[in-house]
Structures are given as C-alpha cells and as structure tokens.
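So TrEMBL has the following annotated:
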type	residues	note
DOMAIN	74-522	domain 'Amidase'
ACT_SITE	LYS125	active site, charge relay system
ACT_SITE	SER200	active site, charge relay system
ACT_SITE	SER224	active site, acyl-ester intermediate
Amino acid sequence: MLSSVQNPRILLLHHCRRSKPLHHHHRLRRHHYPKSIHASPLPHPISASLPTSQIQTIQKSILSREKTTRQFAEEFLTRLRTTEPHVKSFLHVSETVLNEADEIDRKIDRNEDVGPLAGVLVAVKDNICTADMPSTAGSKILENYRPPFDATAVRKLKESGAIIVGKTNLDEFGMGSTTEGSAYQVTSNPWNLECVPGGSSGGSAAAVSARQCVVSLGSDTGGSVRQPASFCGVVGLKPTYGRVSRYGLVAYASSLDVIGCFGSSVADAGILLQSICGHDKLDATSSKREVNDFTSQFISKDYFESQPLKGLRVGVISETLGDGVNQEVVSSIRGAISHLEELGCTVTEVSLPSFSLGLPAYYVLASSESSSNLSRYDGVRYGNQTVSDELSSLYGGSRANGFGPEVKRRILMGTYALSAGYYDAYYKRAQQVRTVVQKSFKAALDLHDILISPAAPSAAYKIGEKKNDPLAMYAGDIMTVNVNLAGLPALVLPCGFVKDGSASLPVGFQMIGAAFDEEKLLRVGHIFEQTLQGYSFIPPLIADEFKSSSVKIYQLG
C-alpha cells in the first residue's frame, strides 16, 4: 500500500496534457523496481468536510442539524423529476423516500444511531432484487415481478441507513453496452442526450451523473460499471470477484458477475463499497477475507506531500493505446499518466500479449453461462407465461415473447458453444485462454502496484449508432473484459474530455489492482482526483444549477 502522508502541505498540480516518453519493457522482462509500497497507519483521519464527498456532506449536515434529511431528499427528488423526462434513468421510483427521510430525522432527534449512509439516496440497478419494488432485469419476461426478498447488498444498504430511491434502467439481463437493449426505454447520456450512457448499467451511471441520486449500484460482468462510468463522467468501482455477495443479483454469467458502485467522487464510491462488501453465507462464492476500512484512504488534500504517490509503480498496458483507440482518448489518458508522474509515480509501459484474446474468450464464456442461467425463465418456474395447450409451445412462446433480440442471440451462441462436438473447440478453449489472462495479469501486477488503460476505446457515441452492429458493440468491451476474466478489482474515474461538435464528452481511465487490493485503488484514485485541476465533471443538463456555487464548470477549448 501507499506510504502514509506526513507533511501538512499541498502542491497544487495543474493537469498536464503533454505526453512524456515512457520507459519500455516488453513481455514482462525483469527489471529492478522500488520495493512495494506497504500500508501504514494514517496520522490524519478522514475529513468530514471534504467537498468532493456528497455522502460526507449529507452526514455532517443532518447530524449537526444544519439541514434535515427530508430537505436533502426533496432536493434530489426535484432534480430527478426535472431531468428524468430527458435522461430516463429510472424504471421505478420509490414512493416512500420522504417517509423514510422523516423517520431518519426522528431518529436523529432522539439521538439514535442512524448508520453511515443515513439520508443518502441510493439508486439500484433493476437486476438487483428489492422486496418493495419491481425487479425486472430490463426484460419483459420479468415485467411486474416483485421478489420476496432483498439482495444482500440492498439489505446492507438499508441497515446502513440508506434510502433506496428507485430502480435504474439497463440492457436486458445486463447483456449490452449501451442501455438501448432495455425492453422498456432508452436511457440518454446527461452530457449529450443524443448519446448513449454506456451499459449495461447505463441507468445507474446516468442517475449519478445527473445528480438524481447520491450514489448507485450496478453490476459488472464484462465492464458494465466501468464503461458507463467513463461515458457519463462519474466514478465506477468494480470490486474483486467475491468481495460483494451476489445473492439477489439476477444471474447473467455467474463466474464473472459482480455488484459494483457508482459515485460522483472516489470517496463516495469507496464508502458505498464499504457498506455492501463482506462474506455472506447465502453466497458460496463470497470471500471470507477480512474487509479493511476503505474510508481511511480518504484524507484531506491539506495533508498531501508534494509528491503523495512517490514510489508507486504504474504499468501502462501498451496494447490499450494503439490502433482502434480514439486519439483524443489516448491524449486524455497520456495526460492522466503525466499527472501521475507529477504525483511521484514511476510509470513504465507493459505488454500483455494475451490482452486481445480476452474479448472472444469472454463472449464464449459469458454466453455459455447465460444460456444455462436463463433456462429457468420458461413461463412455469419464472417469468410471464404465454397461454398454450401444449407444454413445448408454452415454453417456446413464453421465451420468444419475453426475451429481446440480444438475449436470444447470446442464448443461441452459448448453447452452440456448449453443444456436443463444439464444447472442446469453444468453451474449453475459452477457459484455457482465461487461465492465460489470469497468469498474465498476475505477472504484470507482481512488477507493478497498479495497471492503467482507457476504460473504453472511445467516448460516448450516438444512440442507434451500433445497435444493429453487435460485433462493433462487443468490440467496445475490449478494455474491460480481461479484468472480469481475471477476477480483479478496477476503478474508473474521469480524467478529461473529447470534442463532440461544440460540446464535450468525458473520458475515463481505468486503474487495475491485484485481487482484494481495493484500498490501494481508492487511495490512488482519491489523490489523483483531489489534485486534478481545471476539470469539474458536471453535465450541461444540470450545469446552470451549479453556476451559483463554488463549483467550477469546465468548458472544453
């Protein structure tokens, strides 16, 4: 981990877009590096007044009685009602938000414990079960379905005092990269309503970007938290596989699925993860590893050293900055790299020859697992039923009417890959590639503290641009799927913009860490975010609301 911060001084660093030459070492040849950076106790506790954390601001205000929980809830609900007709982030909005806010205020008046997320409005992706709201997974086959239980992550949020504001839109069963695959509506990007927000957790990302909620939960099977975070200019955190219980998450590809976090700051994403992670006896794949206090990583920038990341070893994956990646995206990533160097990082390029193999392996494995997981939706055990006199027609009709085209495509792909005569050629080989990818990442992370890549090869594109070209849409996941195959944690945070006519669209960069090393990612991300100057990621949709505040609205060019 990073060394502790010692001197109470700050060096205001300006974002540098120049591209410094990187030192190369190819195919992980051995070099001499500084020793790993270890964790040590922080001399300064988390600052309750950090302006970048909405969660901390709300907590400080309601506990000191400067503002009531109801007042915060009304502000967010007013913004939600104003922006939702344009963005369409939500499939369902709770009717009990203000009642829950009033109950929190009453508990505070009685000096009762209200939890670390008291008063925080959290949106939940609609493939995560909620007992008091519909959980459709964006599919007609689950229309109006209300689970009899809360997902473990949702239960933990409620126990922490959070208010679930509603369920967000997604590509059906999480299968897609644009949120155009929802059976109910198409979500727009708050930065440009003609563009996609990414997917499949596009609704959760757009809701945080438009400040319709404080934070949100998504799910990430191949990049479904990180890619929309990049497109919408918010922070997206994919935990290590097993860090968060999958109980109550509608299964897509069980060996890849994780529940992830969105926030408008690294601190908010980390605080949200702290509340939902940990072992769960209801999920045999959840890890029993001890969960440290992630919030200890979020210190005030007033206590930063001049080079707070000195000695951190950063590897830039060379395969992610080559052909096929938008040059303005590359420029933004190189600007982020320069900023990391100014913070004291030692940056080198690292080659992962197996990187390009991850995309086809991922789609074989994910489609195979989805064909098995979705077999339960037959109109009898789960899902809406088509009336028929014959059982086979009931099955076929229920699935034909309930599933959308992308879900059907992946079921067919997966069934084919698992069929007799093709299992060894496709599924078994994809599993072998997965092992190669895991070993490749392990070797790279033995030499580096974190790895860097873009979160996506481009900024957000127009709605409809890739809807009829599934291969082009699949290719957009090339930066993220390898992380899921390896089961590693990754953090995406905004680092710049690309031009989109007279406007601009945000770009995010991805930091990848070793398994269960979320603390390091959060610490590095927080320092990067606090020292990045000249950028404020407030979308034009709500920019006027913030003009009177101290927030500086960034304008490209």
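Residue positions begin at 1 at the first shown residue.
Just so you know, glycine gets a Cβ as well, placed from its N, Cα and C.
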Sort out the sequence-distant neighbours of LYS125 (active site, charge relay system) for me: same chain, 6+ apart, CB within less than 8 Å of its CB, listed by position.
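Looking at Cβ-Cβ distances below 8 Å from LYS125 (active site, charge relay system), excluding near sequence neighbours, one finds LYS167, THR168, LEU170, SER201, GLY203, SER204, SER216, LEU217, GLY218, SER219.
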Which whole number is the mean pLDDT over the domain 'Amidase' (74-522)?
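Within the domain 'Amidase' (74-522), the model's average pLDDT equals 96.
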Quick one: Cα separation, SER200 (active site, charge relay system) versus the residue listed as 'active site, acyl-ester intermediate', in Å?
5
My understanding is the cutoff is Cβ-Cβ under 8 Å with a sequence separation of 6 or more in the same chain; which residues meet that for SER224 (active site, acyl-ester intermediate)?
ASP171, GLY174, SER177, GLY199, SER200, SER201, GLY218, GLY260
For a quick check of packing: other C-beta atoms within 10 Å of the C-beta of SER200 (active site, charge relay system), how many?
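Around SER200 (active site, charge relay system), other Cβ atoms within 10 Å: 35.
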